[in-house]
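**Q** Reproduced below are the annotations present in Swiss-Prot:
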type    : residues                                                               : note
BINDING : His115, His119, Asp306                                                 : Fe cation binding site
BINDING : Ala137, Val138, Ser139, Gly140, Gly141, Asp170, Gly183, Asp187, Asn276 : substrate binding site
Amino acid sequence: MAARELILAFESSCDETSVAVVENGDTILSNIIATQIKSHQRFGGVVPEVASRHHVEQITLVTDAALKEAGVTYDDLTAVAVTYGPGLVGALLIGVTAAKTIAYAHHLPLIPVNHMAGHIYAARFVKPLAYPLLALAVSGGHTELVYMRSAGEFEIIGDTRDDAAGEAYDKVGRILGIPYPAGKEVDRLAHLGQDTFHFPRAMDKEDNLDFSFSGLKSAVINTVHHAHQLGQELSREDLAASFQAAVVDVLVHKTQKALHQYPVKQLIVAGGVAANQGLKEAMNETLAVNFPDVDVIVPPLRLTGDNGAMIGAAAHIEWAKQHLASESLNADPGLSFTHAS
């Protein structure tokens with residue numbers, strides 16, 4: 001095995017076309033991201049057909065840019081990696097097809113990567129991981145507590161029963177008049193308001209590690225609709241602060257509960273919602289008091305959203321285990337997180 005392992009990694013599971021070159025699983029040589037946010041904003045969310053069309057238009061350009069920025073050619077590569085699930089089937093297919101084509105044409109191994117494993121392994125760009133560890137993976141499509149005894153070994157110990165946290169942010173943002181994606185603006189407004197509405201903290205009293213955000217989402221929407229019927233104008237800042245407090249309280253509470261049951265050395269907060277300032281502040285402050293020996297790792301802002309570099313980091317683990325894909329690899333939109341490859 002070469003001392004310098006270079007992996008060309010593809011990510012196209014939703015609305016970002018990203019290709020990266022990652023060295024030895026922890027060094028980013030390039031990480032090109034073509035976002036589609038403006039194309040989806042007028043629809044209030046991601047439209048699968050639009051996403052697929054943009055991936056087709058961007059995938060070759062982004063690949064060329066990633067190789068150029070990294071200063072490498074196909075001959076320098078060790079392997080090609082790609083997200084094959086979970087995600088939007090059409091979007092995934094674009095990345096899978098591109099990766100398979102390049103791997104076949106240049107006689108390179110193909111490494112299949114679970115999208116959510118990628119989010120967790122983005123922490124490898126911050127510092128080496130120490131097992132066992134716990135990950136709180138929070139995004140638009142997932143809210144999961146994952147226990148990892150070792151590299152590549154995933155056990156979901158908590159999951160959402162309905163909406164993911166990121167999905168709730170976008171839907172509440174819409175009712176507050178915030179364009180998609182709403183997370184960053186809801187977070188900003190929340191820091192300007194107060195928790196005056198005291199929305200429900202779902203499942204925080206139940207004896208499990210699962211989440212539920214649909215009731216909270218409905219509570220916010222119903223509060224706003226009721227006020228409009230009465231001709232009242234509610235504070236967007238207070239609504240955002242009250243909603244975010246309810247989300248963050250539950251995420252922190254369940255994470256602490258998991259840490260009591262699963263002693264670990266590190267906690268990774270991963271996924272798009274990991275960019276939320278309110279969540280980071282609450283998690284760091286609470287764990288510093290109650291779990292001072294647990295090292296909290298949050299990937300930098302540029303690596304919390306979907307990106308190719310995180311797929312390269314995950315692929316390095318899979319490559320070490322020789323978990324490779326054949327040319328029959330297909331997109332798996334409902335891929336289970338318990339199977340990283």
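Cβ coordinates are placed from backbone N, Cα and C, and glycine is handled just like the others.
Buried or exposed, and what's around them? Tell me for each listed feature.
**A** With a cut-off of 8 Å between CB atoms and residues at least 6 apart in sequence, the same chain places Glu11, Ser13, Cys14, Asp15, Glu16, Ser18, Ile33, His115, Gly272 near Asp306 (Fe cation binding site), listed in sequence order. Taken residue by residue with DSSP, Asp306 (Fe cation binding site) is part of neither helix nor strand, so it is coil.
Of all the Cβ atoms in the protein chains shown, 24 others lie within 10 Å of the Cβ of Gly183 (substrate binding site).
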**Q** In whole Å, note down how far the CA of His119 (Fe cation binding site) lies from the CA of Gly141 (substrate binding site).
**A** 12
**Q** How many other Cβ atoms are found within 10 Å of the Cβ atom of His119 (Fe cation binding site), counting all protein chains shown?
**A** 32
**Q** With a 10 Å radius around each C-beta, find which of these binding-site residues (His115, Ala137, Gly141) has the fewest other C-beta atoms nearby.
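**A** Relative to the other binding-site residues in His115, Ala137, Gly141, Gly141 has the fewest Cβ atoms within 10 Å.
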**Q** Within a 10 Å radius of its Cβ, which of these binding-site residues (Ser139, Asn276) has the fewest neighbouring Cβ atoms?
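**A** Selected from the binding-site residues Ser139, Asn276 on minimum Cβ neighbours within 10 Å: Ser139.
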**Q** Could you find out if DSSP has Gly141 (substrate binding site) as helix, strand or coil?
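**A** The residue in question, Gly141 (substrate binding site), is coil (DSSP, three-state).
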